[in-house]
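Please read the structure below before turning to the comments.
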Amino acid sequence: MASTKTGLVLIHPGATEDPSSVVNAQEQARSEGVSVEAQFLINKINDGSVKLEDNHYDEVRYVTPEASDEIRFPSKLIGVIGKSLKTNGKLYGLSDLYKLDALINEFEISRSENHYCWIKKASIKAEPVAVPLRNHKKTTTPGTTTTAKKSLPIFKRATDNDSTKNKQQKQQHTGPARVSLDSEDEDEESEGSSDPSDSKSKFFEKSGSPLTENDSIEEDELVDENEMREPSLTMITCGKSKTRRRKACKDCTCGQKEIEEEELDGVRKQQDKVVKFSDQELTEIDFTVQGKKVGGCGSCTLGDAFRCSGCPYLGLPAFKPGQQIDLSSMGDDL
């Protein structure tokens, strides 16, 4: 008798509202010869309250009410489910949204007309390879030295005879029409050895005539006449030291300090004046006449429910706009 396959059903919390989807997943697993041993909510596995056994299940089915292109699944659980599956075990319920996570966790994506699943493949273990640490010895012959590394090239200093031979060979190949490179190098060296001031003078000669005194710009031309007419910062000429200062000296005896104090006193007096209204100004605002200027609320006539906290009509019944109200009784209360 063939051994039955073990299965696991993982349920999305939203699928509990429709138990028929969970029942259909269990029946579909039984029709394929899989015995469902357990079913868990996916959030129980995510928070670690339920742990799955390694290499225990042949098939895992994930039941979710979400559409295939809107599935939201914790990526870290793909590796946990992969460890719980046996080799060639299948995982149903996920989509291509997590295709990269499937490949990372050694799953192979299987597509068919009726089923879409991930198949767990056997992991390939890296086998250790022995690497020799010592270099092989090579046979040496007299007059030659060989080592594990390649020998470095040997350079020889050129002599005057060698340089003349090279020049003759170059002239034979290039012909008399071309100028030798050595002459060009000599010209460059002669140009580079010249005084740097000569090169600067040549540059200015090419760019144009040098600047003269007539080409200089005066500072007064940069300032407009309107700017010059604007009053500058007021300076005080001290009568004792005959120097210009912004304020009077601390031990001033020429009278500038008294002048400043008089100006400050005049400003303070203007600020200390109390604003007083005349009778005509006080009666300009009438809260009881409709159409005239009113206060912030404008609802003194409506009653206490609509009046401000500082309204003088608090405690009085509602009245019509323009009606005369006697407030003498309030003075008795006060």
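Each position is counted from 1, following the chain as shown.
From the backbone N, Cα and C atoms, a Cβ is placed for every residue, glycine too.
Here is what Swiss-Prot records for this protein:
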{"type": "COMPBIAS", "residues": "140-150", "note": "compositional bias 'Low complexity'"}
{"type": "COMPBIAS", "residues": "182-192", "note": "compositional bias 'Acidic residues'"}
{"type": "COMPBIAS", "residues": "215-227", "note": "compositional bias 'Acidic residues'"}
{"type": "BINDING", "residues": "CYS238, CYS249, CYS252, CYS254", "note": "[2Fe-2S] cluster binding site"}
{"type": "MOTIF", "residues": "297-300", "note": "motif 'Cx2C motif 1'"}
{"type": "BINDING", "residues": "CYS297, CYS300, CYS308, CYS311", "note": "[4Fe-4S] cluster binding site"}
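Features recorded in Swiss-Prot, as mapped to the structure shown.
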residue	record	CB count, 10 Å
CYS249	[2Fe-2S] cluster binding site	15
CYS252	[2Fe-2S] cluster binding site	19
CYS254	[2Fe-2S] cluster binding site	16
CYS300	[4Fe-4S] cluster binding site	22
CYS308	[4Fe-4S] cluster binding site	14
CYS311	[4Fe-4S] cluster binding site	16
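Here the CA atom of CYS300 ([4Fe-4S] cluster binding site) lies 60 Å from the CA atom of CYS249 ([2Fe-2S] cluster binding site).
Calculated from their C-alpha atoms, the gap between CYS254 ([2Fe-2S] cluster binding site) and CYS311 ([4Fe-4S] cluster binding site) amounts to 58 Å.
In the predicted model, residues of the motif 'Cx2C motif 1' (297-300) average a pLDDT of 74. Residues of the compositional bias 'Acidic residues' (215-227) grouped by DSSP class, helix first, strand second and coil last, total 7 helix, 0 strand, 6 coil. You'll find the Cα of CYS308 ([4Fe-4S] cluster binding site) roughly 57 Å from the Cα of CYS252 ([2Fe-2S] cluster binding site). Across the structure, CYS252 ([2Fe-2S] cluster binding site) and CYS300 ([4Fe-4S] cluster binding site) place their CA atoms 62 angstrom apart. Classification of CYS300 ([4Fe-4S] cluster binding site) by DSSP places it within a helix.
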